[in-house]
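Feature annotations, reproduced from Swiss-Prot:
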{"type": "DOMAIN", "residues": "2-241", "note": "domain 'ABC transporter'"}
{"type": "BINDING", "residues": "Gly38, Tyr39, Ser40, Gly41, Ala42, Gly43, Lys44, Ser45", "note": "ATP binding site"}
Amino acid sequence: MIELTNITKTFAGKQGDIQALKDVSLSVGKGEIYGVIGYSGAGKSTLIRCVNLLEQPDQGSVKVNDVELTTLKSGKLRETRSHIGMIFQGFNLLKTATVYDNIAIPLKLTGLNKKAVKDRVQKYLDIVGLADKHDAYPSELSGGQKQRVAIARALSHEPEVLLSDEATSALDPDTTEAILDLLLRINKELGITILLITHEMNVIQRVCDRVAVMENGEVIEEGYTKDIFISPQLRTTKRFVNSLFSHDIPDDLIDGLSENGQVAKLSFFGESSGDPALALVTKKYDIYPNILSGSITRIKDEAFGQLLVHFKGEQAEINDSFQFLQDQQVHVKGVTYDGENQRVS
């Protein structure tokens, strides 16, 4: 659905050129919710604005639904953009227009007749749960309601793709959850492909099928969300994951425990999160596991749990128990003295 290939973008700055995007490529499948995460200055906002050519890349290919956007004439580009909705952190509502008019005015500009405009506005206000706010003004709405109006406006053009530029970053946690639930429902019920950018890992956790991690204008890590959570490879990715799942314990404690056994992080996903794998290990092997910390949550719609466990016993028995756990679809990682994770073979 969305194919970005070798995208490069450079801006002129007072201290010299700033390369915002460096040969970035990513692919978003039809019906997918794909997240791009990174800290400020990573290049993620520039990247998402290249998808509908609000930013023209210096080089590279931008395809949406197999159409190469970078070669389109202005008229054809406007038509193609009508199939790409976009929502922003700042809502971008007309302060002096009602909720109805904020959605209707852009529709009227496309040439829709009055009845079609009215029907479409009502349809999407119903979808976002604001049917009773038809005549309200933005100043009378909460932040979450303003974002719902912005979503309804984007959906009213009936796009195939929805771009979300930090759409929840200005909202409180409860409102963020409600907006994420709405995006999930839109994706499921309307079949709209969603590409979102964020600096919040909980957003990725709640809604994304796949995720790309950006740093200094580059995609440094990419994969299915569950795989990124289970086995982050690079420091930046680990920082994002640890912002939600931190099992750090003092290095000297790990050092002491490791003198008599081994400390390991166990990750459970989906059906394996409900299996008594650790209990089975104690019956099968001569080891004594001691749970140091743990947590359980969901990644999109599947359970995900982690335990930090000290395994006491002979190393051969511990190694066999690790293999048994991996055979039970439990991901096992050893923990070194400095708190960094290493994969256990």
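A Cβ is built for glycine as well, from the same backbone N, Cα and C atoms used for every other residue.
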*Cβ-Cβ under 8 Å from Tyr39 (ATP binding site), same chain, 6 or more residues apart: which ones?*
His199, Glu215, Thr236
*When the pLDDT values for the domain 'ABC transporter' (2-241) are averaged, what is the result?*
94
*Tell me which residues of the chain lie with their Cβ under 8 angstroms from that of Gly41 (ATP binding site), as long as they are six or more apart in sequence?*
Asn216
_Cβ neighbour count (within 10 Å, all chains shown) around Lys44 (ATP binding site)_ = 29
*If one looks at the chain holding Gly43 (ATP binding site), which residues at least 6 apart in sequence have a CB under 8 angstroms from its CB?*
Lys9, Ala20, Leu21, Lys22, Val24, Met214, Asn216, Gly217, Glu218
_Residue with minimal Cβ packing [other Cβ atoms within 10 Å] among the binding-site residues Ser40, Ser45_ = Ser40
*Determine which residues of this chain, when Gly38, Tyr39, Ser40, Gly41, Ala42, Gly43, Lys44, Ser45 are set aside, have a Cβ within 8 Å of the centroid of the ATP site's Cβ atoms, and list them as they appear in the sequence.*
His199, Met214, Glu215
*Cβ distance under 8 Å to Ala42 (ATP binding site), same chain, sequence separation 6 or more: which residues?*
Met214, Glu215, Asn216, Gly217
*Tell me whether Lys44 (ATP binding site) sits in a helix, a strand or coil according to DSSP.*
helix
*asked:* My understanding is the cutoff is Cβ-Cβ under 8 Å with a sequence separation of 6 or more in the same chain; which residues meet that for Gly38 (ATP binding site)?
replied: Lys44, Ile197, His199, Val213, Met214, Glu215, Thr236
